[in-house]
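Trainee: Handing you this structure, nothing more for now.
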There are 2 protein chains.
Amino acid sequence: MENLKISSRTPHPLEQLSVAEATVARDVILGAHSKTVIDFRTISLEEPAKAELLPFLDAESEGKLSGVARPRRLARISYDVLGENKKYGFYESVVDAEEGKIVAQDLIDEKFQAPLVLDDFGHLLKAVWESKLFTDAIAKFNIPEGFEVIVEPWPYGGRDLEDEDKRYFQGLCFAQDKRNGNPDSNFYAYPLPLIPVLDARAKEIIRIDRLGTGGKDDLLAKGTHAKDIIEHCKGSEYVPELLEGGTRKDLKPLNVVQPQGPSFTITDESLVEWQKWRFRVGFNPREGATIHDVRYDRRSIMYRLALSEMTVPYADARAPFHRKQAFDFGDGGAGSCANNLELGCDCLGHIKYLNAIDTKADGTIKVSPNVICLHEQDNGIGWKHTNWRTGRAVVTRNRELVVQFIITLANYEYVFAYKFDQSGGIMIETRATGIVSVVNIDPGKTSHYGNVVSPGALAQNHQHIFAVRVDLAIDGTNNTVVIEESHPVPFSPERNPAGNFYEIIQTPVTKSQGFDAAPHNNRIVRIINPNKINPISGKPVSYKFQPPPTQKLLAQPGSIQSRRAQFTNHHVWVTKYRDHELYAAGRYTLQSQDEANGVTDAAKRGDSVENTDLVLWSVFGLTHNPRVEDWPVMPVEIFQLHFKPGDFFGGNPSIDVPSQRNLSSILDRDSVVKT
Amino acid sequence: MENLKISSRTPHPLEQLSVAEATVARDVILGAHSKTVIDFRTISLEEPAKAELLPFLDAESEGKLSGVARPRRLARISYDVLGENKKYGFYESVVDAEEGKIVAQDLIDEKFQAPLVLDDFGHLLKAVWESKLFTDAIAKFNIPEGFEVIVEPWPYGGRDLEDEDKRYFQGLCFAQDKRNGNPDSNFYAYPLPLIPVLDARAKEIIRIDRLGTGGKDDLLAKGTHAKDIIEHCKGSEYVPELLEGGTRKDLKPLNVVQPQGPSFTITDESLVEWQKWRFRVGFNPREGATIHDVRYDRRSIMYRLALSEMTVPYADARAPFHRKQAFDFGDGGAGSCANNLELGCDCLGHIKYLNAIDTKADGTIKVSPNVICLHEQDNGIGWKHTNWRTGRAVVTRNRELVVQFIITLANYEYVFAYKFDQSGGIMIETRATGIVSVVNIDPGKTSHYGNVVSPGALAQNHQHIFAVRVDLAIDGTNNTVVIEESHPVPFSPERNPAGNFYEIIQTPVTKSQGFDAAPHNNRIVRIINPNKINPISGKPVSYKFQPPPTQKLLAQPGSIQSRRAQFTNHHVWVTKYRDHELYAAGRYTLQSQDEANGVTDAAKRGDSVENTDLVLWSVFGLTHNPRVEDWPVMPVEIFQLHFKPGDFFGGNPSIDVPSQRNLSSILDRDSVVKT
């Protein structure tokens, strides 16, 4: 295995930037703008072009790296320049971190907004309390003694046309009960019906939006709320020390113990090897954890896998909620919002962590520890057969390797996992949890726009629509997507005399396009390598998945919500590969009015996608009409997307998984023998 | 808690029959037919009528059993009587096992066949080797030295009209390589193209069906197979000692350890209590494990939950494969085919087992040990929220209680589990595994009817369509089913000025009927108690589930496959409750030509199902077009149906789950700090 590994002093082309490399990149940028004020946003690895990287990875997999060109280490730096006349410029530059020189420097068109960073939120929080508009508005309410006003920064959402060149943020307001002295008392239980709007350039509050608090009979009316605005609200705690009655006492420990350690290894801070799988884990501020160069027994399966985008549009018809629509990857970056899994209670068993780097506005580069965790888990029976003649049962467990990261976006969290199994399967799992977004509603009212989940707290109906970008490489880059369906066949003496026959119909996707799930036809999307035939079945090797037929975006075509999230128009997209074309809703989503350079535009090119390097995008989602049980923190809603081999292998890849009995299990039969 | 429990000497009305009770029932039947030969088929608990049982269960839950009538212990006995003139009579009788007297005695109409029992298979296996028809047919093949012919009994399938009063079985034939001396050598790898047909009354082979071995160009032709019928086949082993290269060595142990034991208790051999849940587990030869009287914090949620039926139609157009269609619950009984989980390797952690009783043809009653297992498992993060202001993360694990049983049907297995979680959810999980059914195919050919998964072995395309019967009781029996969808709303100044609003449309089901999934409308099926309002949301308490939009039966309407599986015509059925109406495809499926007295007939009654005692049936399935990776034993295909509370509780029921870090986990951060 030695020749698979590059020297520890030469980072692998897919390894994240080190602090040292990021520091070089920062200094190069500072040097290039020496007379201006720079606010750094993000610094991260600029992945090599595929034409450079792929030959390197192929050679690496073959153990024949000597003489193969190693792609340069590049850094992408995103930053604001405050130039003369206080004019802002938003730049994205690429620096060669080995040679310390600028490779590319782009001043981004003013019609695009830079993704937000935590500092943007800091400015909002500072400005609200300096704003007389805001303090006057708050003063009109009776906030009970012992409560403090909390402002929760949010992206502004899809801007109206007249705001073309403005950069705004908005704050959702709540009151926190401070009487218990606990800083984690749940303020979301006390929503206040106003939203301050920040002009981010001027760093001042320009407007206070008033929110309706009415119910079904009040339609779009505002201002129905009373002065005693949270009198009818009720504390709803989730931190254990504030729970009435405390936590339950009858749950006994369930420990996962791996006495010999985990079965996987991580080397070079990015290379993971486990059960014939071999892949690299990356991390960037936009997508969080990314998976690269996935191979099984040295055979290529995926070049790159990552969550690409998620939009969360809200369905409350009352202004300004039409703007309540987050793009949780494009607006602020899933990686930037990743939890540091320091508490260790997110997983069981033997857990390994990976770090990332984090860039402050002043250019300070810090390690952000434990943003990714890896662990193995058991997922029940993997396969079983009993020979009823002999009574011999052979049964294996279904072990999985999980690469996980968790993001917090104000009130809400997502748990994202890439899971690899022993049968050649790759699963993308999302878990939605956290606190549903609530607004104040008058006592005793119900609403068309959501559900009252706590007295005075209306949880608004919304959707979560995810896009996963899957750059497959089934035994190489020349692949074709085939739509496969099972169809009934009419009775006929020649083809279907007894009516039991059904046929499989395959339709290759020839031009880049979007299409939908069709579960009534058992629609399967198969990514084949037409140049390689499985010798047993006589069919092309492939991976396949069943596109989940989840509900698409409900906002009206032509609405701002719809225009900026056109990737939601189809469940599946197939596009021709292009470097850097990673983002389903486009690179710049913050305050966007339209999806720009997203997957829709890529598909519109009408490229040929037969027997070539193509990218598959899976779009799926959840229409979330909240229930009382989602309060105060909602139980996970789990969504899984599963890629499986289809005639890729010569048999069940997990057939050699040992079937020994686990000796630590306790078989308890004493009390249950019938007489 | 003491008053919740009845005396250990008085079996609970839902407890399975003891050996003693079954023996009483047997003796009563023997006494009633003293001059005839009786072959027993099954003896099992006859569950009490709901009108008798429910008051008892409600009183039990309230701890007020004294003075409440306890339903009688009844046994259902299914048996054949060989009367005068060698005429068979198939009886189902009900015996009062306390008083030892017959309560009901039904001679079943000759148009129905009794479900098969293992003895039926024994007769086939005996008859084939006594049949010259069969030995002559086999002799026409060159079976290589060291191979032995194996006959695998199957139900005959939907009979043709001329066979109206016959009882048949068929045998699929294979050759087993005995040269390795291992009785578990995989004979399915060597299929032989003939099927002997047994007349079960005469106990003789009446016909040998010849199977085509052709490919795409041979259409429906038969007899294309060569004399050297398995020369091109290839051994495909799965027992570890026969694997080339043995089992993999790099999988390290993952142990689930519960030092304080499990968190659940089982009392009275049927009462399970865990995490505020309380329910009874039953078991019968037809449905396997059944779940009864499900309550959470004493509130009723389900009266009864069980898998009801599964049909597996095959799509090979060549006769006699139009008859290849199993009803795995009705034909032979899932309970009768349940694995004895004696090896202990089916689960991890602290596992408790439940037994069942088994009846032999001669009336011997035996304990069938460990047919059900119960254990807890961890299913990842349950809920999490991080307060980004304070950095405080609260995270809980998602503990589940699993009630599991596993059935083997010749080549194939299913793992069935009922899972309860801490958030009030109930999941029905099915895992399909085992060996796919294969037939011989000529060398080098491919087929429209399936996939070649091993040389000479064609795995035929087929479907698995399941029906789960859910007798809900949401805070009592008076419930209504509501179909709930989310719909876009046109732009309008009054209702939807910005186009982001969508509306929830609820349609109550008023008359018994079937309907389909509609994921594009986010169709949810909500079972409400219209008489009880959640005080927070102002809406009726409910449980809900999203009907899976899986492909329906592909066989032509009017075909035998379709006529006998009419329950597959809809994803969801709602019927008015009737005692003993448990089986989606009717009580008698073996050799049926039409579904009789199944869910379709029940729905056709057009009963009012509003605010009354109703039953919900969920139908879902899998179109299984096999892949090479399904061979020789297929990795589990997992299917999950999830019932969740919807405004049933006053908040997230799992909010009080402790969030302490699991101290046995190992947090391994050493090698991954970036510099």
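Note: Cβ is positioned from N, Cα and C throughout, glycine not excepted.
So TrEMBL lists the following for this protein:
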DOMAIN    B:117-209  domain 'Copper amine oxidase N3-terminal'
DOMAIN    B:254-655  domain 'Copper amine oxidase catalytic'
ACT_SITE  B:Asp328  active site, proton acceptor
MOD_RES   B:Tyr412  2',4',5'-topaquinone
ACT_SITE  B:Tyr412  active site, schiff-base intermediate with substrate
Trainee: Go ahead and report the DSSP secondary structure tallies for the domain 'Copper amine oxidase N3-terminal' (B:117-209): helix first, then strand, then coil.
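Mentor: Breakdown, helix to coil: 27 helix, 33 strand, 33 coil.
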Trainee: Between B:Asp328 (active site, proton acceptor) and B:Tyr412 (2',4',5'-topaquinone), find the distance joining the two CA atoms and give it rounded to the nearest Å.
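Mentor: Between the Cα atoms of B:Asp328 (active site, proton acceptor) and B:Tyr412 (2',4',5'-topaquinone), the distance comes to 10 Å.
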Trainee: Cβ distance under 8 Å to B:Tyr412 (2',4',5'-topaquinone), same chain, sequence separation 6 or more: which residues?
Mentor: B:Val312, B:Ala432, B:Thr433, B:Gly434, B:Ile435, B:Val436, B:Ser437
Trainee: Quick one: mean pLDDT on the domain 'Copper amine oxidase catalytic' (B:254-655)?
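Mentor: Taking every residue of the domain 'Copper amine oxidase catalytic' (B:254-655) together, the mean pLDDT is 96.
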Trainee: Give the three-state DSSP assignment (helix, strand or coil) for B:Asp328 (active site, proton acceptor).
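Mentor: Its secondary structure by DSSP: coil.
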Trainee: If you draw a 10 Å sphere around the Cβ of the residue listed as 'active site, proton acceptor', how many other Cβ atoms fall inside it, taking every protein chain shown into account?
Mentor: 22
